[in-house]
Structures are given as structure tokens and as C-alpha cells.
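Comments concern the structure below.
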Amino acid sequence: MTFSEILDRVGSMGHFQFLHVAILGLPILNMANHNLLQIFTAATPVHHCRPPHNASTGPWVLPMGPNGKPERCLRFVHPPNASLPNDTQRAMEPCLDGWVYNSTKDSIVTEWDLVCNSNKLKEMAQSIFMAGILIGGLVLGDLSDRFGRRPILTCSYLLLAASGSGAAFSPTFPIYMVFRFLCGFGISGITLSTVILNVEWVPTRMRAIMSTALGYCYTFGQFILPGLAYAIPQWRWLQLTVSIPFFVFFLSSWWTPESIRWLVLSGKSSKALKILRRVAVFNGKKEEGERLSLEELKLNLQKEISLAKAKYTASDLFRIPMLRRMTFCLSLAWFATGFAYYSLAMGVEEFGVNLYILQIIFGGVDVPAKFITILSLSYLGRHTTQAAALLLAGGAILALTFVPLDLQTVRTVLAVFGKGCLSSSFSCLFLYTSELYPTVIRQTGMGVSNLWTRVGSMVSPLVKITGEVQPFIPNIIYGITALLGGSAALFLPETLNQPLPETIEDLENWSLRAKKPKQEPEVEKASQRIPLQPHGPGLGSS
């Protein structure tokens, strides 16, 4: 007996699973607010130098730029030199008295003057946030395999709630960055644990649907953020508003059961049995749950129990050729997705469209994108869906290179299409990665994969600097990288209707089966029924 068959006995898709996914999904909905928060809390309004205290604003104080508007970072020296014939020869100086911002909304930019020579600090804040997610993926992936999925999830909720609230009350920019780093750290733990718990408690046939449902939670969160930002013009109150709900999620997470597979592999079979019986009662299958015994559980999952004695680290991801190839291809796909996604998602201001409207459009494109992803994952398979998403995104980004800047509508359409494809790529990757890695090292594999997408999201803003050399260079780099990631996905094995691998040895058997001609259809059908046939694919979860 496998876990999938045990799950069938206690209810593989009952009330418990729907409530379980709902409890995991609500935090994901609000997590989108944190990921994209800096679009609004770090918005840069039109600004110019504040005139000296003894001068009035005017063209004789503020030089005009090429666009006929006041220079943003320079002003004329005051008082003017009377011997100069006209203002064109007057000396200019930096904004010694600060700036005037033409906006009724405040942000970290207006509060700490992150403009002109300090404008790089704005990007640094986002990079620090992404660094927190990156480090969190490294640290929490291993801790989750050691101490369980639920404890890491619960602590991550509390960390995000506390650090997000702390950022709202930060007195200085350095302290704000520290709290943003901790926010990223917490988000990484939430993402990793949610993915694992979703996949391990949902039957195979429903994995794609339930995982994509979690993806929709993130999508709807993107709809909520523009409304919140419009209604709450003060960045501190906006930061606090999106952080407080995680205190509630921290409390509700105590209801979330631990992964049964993890409990068995950790030698806690008695606790696993209690949870299975509670799930059976919740799903209206109390008698089936009562018939399960500790001896039966240990006997039928003896293989998994014996694996608890083995210790696995990130180095084991490179132990066998197939695992090495998988890790390389997945790492490239994750890097390319994060690299290209955040180039579009955080570049909303570049398209000359109303910030709030464009953010809603960017979020809205995820709805059809994820629906198409569900169908594609279920019928075309994982590696085809993954490759197509990245290849199409790369093509759309490269096309931006050839569209003139004044054709803003065309550029916006291409960007929205590319963003939708990359969102689809994320949804597929979470599911695909969790299905490819064996149970004994799944969370570590997810952690390493998330590391690469965060590296991509950190490097992405730096590539924009190359636009100062030639405007088309950034999009060429983003587009080619996405194409490479899509090509790498073609070398990954298909997992549609395949059992979740429990051990590294299972992957070797996978490889051997793939090389053999289909001689024994009856045996193959039986093997497919073992862990997964009861159920199907999912999102970006475990």
C-alpha cells in the first residue's frame, strides 16, 4: 500500500482537502501584496529642487530640462551672479535644500529623498527584500525537511507579520531594509511549506487543479493591492495593512496538519495515524479510519520508514546523472522565470500608463493564463507546458526590442502577454519541481530551485543599467534568458499521471522505464496506479 491508496481510504478529495487548500490559499492571496508592495510604497513622483529659503520658485531658480520641465536634480546657484548676461550661463548646483514632490501620496522615496544620487537606494530596498527570500530558501528548505513543514509555515507567518509591521514603523531607511529582508525571509518559508503541504495532501488527479487554485489566490491578491494603494496614500499605513493579517494566519495555521509522508519518514507513524483518523472523520469515513492500524501503516510504508535513517543534503541533488540533469534544467528554468518576471512586474512605471490600472491589468492576465495552464498541465503534460510558457515569454520580450517607444499600447500588450506567460511558468514550475524530486529530498530541492528564481529577481534590476549604453540591451538579455530556460525544460521527464518518487532510487527506475520499450502494458498500468493514479496535477505548491 502506498500513501496515495491510504489517502483514498480516508478521503482523497473531501471536505478536509477543500478546507486545507482554503487555509493555505488565504495567506498566498495576501502574500502578493508584499511581493509587489514596492511598486506603490516606492513610487517616484515628479519632483524638482526645493528653492533656497530666500528665493521664490521660478525659471530663474529652476533650470528647464530638454522636455521643457524643471530639472529634477539641479538648480541655479543662488543668489545669481549679476555680471552674467543671461541665465543660460549661470552655474548650477545639486538640490541642497531637498526636493518638492508633485504628489498627494507619500512613499519611502519622498520620505527619505531616494532620488537623484540616492535613487539606487530604492532599487537596493527591493534587492534586499529578494535577498531575504533567497536566503530563506536556502535555510528553511533544509529546516523543513528536518523539523517538519507545519512548524516552518507557522513561524514564517509570525515572522512576516512582525517584520512587516516593523517596517511600517521604521524610523530610518537602513532599519526599513532590515525589516524588508526579514519579510522576504518569511515569505520564502510560506511559499515552500505551502507548496509541499498542498501537493502531499491532494490526490494525484487533482494536483494540477488545486495547485493552480493557489496560484489564483496570488492573482487575486494582485487585484487587491492597487485598490489598497489607492485608498491608503500613506506608505506606512499601507505597509501595516498588508502585514497585520498574517497574525491571523499564524493562529489559523495551528489547524493545518503535518505532512503524513514527512511524519512517516521521521519515525512518527503514531502521530501520522492520529491525523489520518481525524481526516477520515472530517471526510465522513470514520470507519475506514478506525480500520487503519499502526502496524498496518508501518508494514505498508516500511520502505519509507527505513529512509528516515538516511540524511540528505543539497549535494545529493547531484548524486546520479538523472538527478543532476533535472537540477540543472530546473535551476535554469527557475532563474529565467524570476529574472524575466520581475523585469516586467516591477517595471510598471516604464510603460507610461496609469500605475493602478496597469497593475490591475497585469494581475488580470493571470486569470486566463492560469486557466490555460490547468488545461495544458492536465492534457499536454508538464514539460510541454513549461517549455511553451518560457519560450512564448522570451519571444514577447524580444519583440519589445523592435517596437518604438512611442507605441506605448503595443509595448504594453506585449508586456502583459509576456507577464501572463511567466505567471504560467511559475505555476507550472512549483508543481513540476515538487513532482520531480523524491520525497526524501523534495523540500531541499524546492529550496534550491527557489534560490535560483530569487537570484534571477535580484539580478534583474541590475540588467536595466545596461540600457544606459543601448536601450535595447536589457530586453535582449531578458528575452534570450527566457528562451534558454524554455529550451532546458524540454530535457525534463514528464510526470503527468506518474507516481511521486519517494527515493532517489525511484528516479533511477524512472529512467530505466523510460529507456525500455512498452512491453508489459498490464504491469505499467498497475505501477501507475500505485501512488498516483488516484489523482492528478497542481500549482505552485509542494
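Yeah, the Cβs are placed from backbone N, Cα and C, and that goes for glycine too.
Note that the coordinates shown come from a computational prediction; the quantities given were computed from them, not determined experimentally.
Topology check against Swiss-Prot: Leu7 and Asn450 fall in the same compartment relative to the membrane. If you compare Asn81, Asn86 in Swiss-Prot, the N-linked glycosylation site annotation sits on Asn86. From Asn54, Asn102, the position flagged in Swiss-Prot as N-linked glycosylation site is Asn102. Just going by CB pairs under 8 A, the stretch in 177-197, 213-233, 328-348, 387-407, 412-432 that sits most against the transmembrane segment (472-492) is 387-407. When pLDDT values are averaged over the topological domain 'Cytoplasmic' (145-154), the model yields 87. Between the transmembrane segment (387-407) and the transmembrane segment (237-257), the number of CB pairs under 8 angstroms, six or more residues apart, is fewer than three, so the stretches are not in contact. Of the Cβ pairs linking the transmembrane segment (155-175) with the transmembrane segment (237-257) and spaced 6 or more residues apart, 3 or more are under 8 Å, so the two regions touch. Broken down by DSSP into helix, strand and coil, the topological domain 'Cytoplasmic' (145-154) contains 9 helix, 0 strand, 1 coil.
When DSSP labels each residue, the topological domain 'Cytoplasmic' (433-471) comes out as 34 helix, 0 strand, 5 coil, counted as helix, strand and coil in that order.
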